[in-house]
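Q: To start, I am sharing the structure in question, which I have written as structure tokens.
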Amino acid sequence: SIPPACDKYSRLPGCPRDYSPVCGTDGKTYPNECVLCLSNSEENKNVQIYKSGMC
């Protein structure tokens, strides 16, 4: 698994709307890396990227 590059999104007010799905180590498909980072910070989790694309 690959840790998401959350640092590059930390200054943004929200996530970009581009659809570039990643599969998290929790088995969920996220629309993009930023959404995974946002979910991690909101829910105090440490989900990583299992693979690019849908799960």
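Yeah, the Cβs are placed from backbone N, Cα and C, and that goes for glycine too.
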Q: So Cys55 is in a disulfide according to Swiss-Prot. Which of these is its partner: Cys23, Cys34, Cys37?
A: Cys23
Q: Cys15 forms a disulfide with which residue in Swiss-Prot, given the options Cys34, Cys37?
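A: Swiss-Prot lists the disulfide between Cys15 and Cys34.
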Q: Which whole-number value in Å describes the distance between the Cα atoms of Cys37 (disulfide bond) and Cys55 (disulfide bond)?
A: 17
Q: Look at the disulfide-bonded residues Cys6, Cys15, Cys23, Cys34 and tell me which residue has the greatest number of other C-beta atoms within 10 angstroms of its C-beta.
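A: In terms of Cβ crowding, the pick is Cys34.
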Q: By CA distance, which of the disulfide-bonded residues (Cys6, Cys15, Cys34) lies nearest to Cys55 (disulfide bond)?
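A: Comparing Cα positions, the closest of these disulfide-bonded residues turns out to be Cys34.
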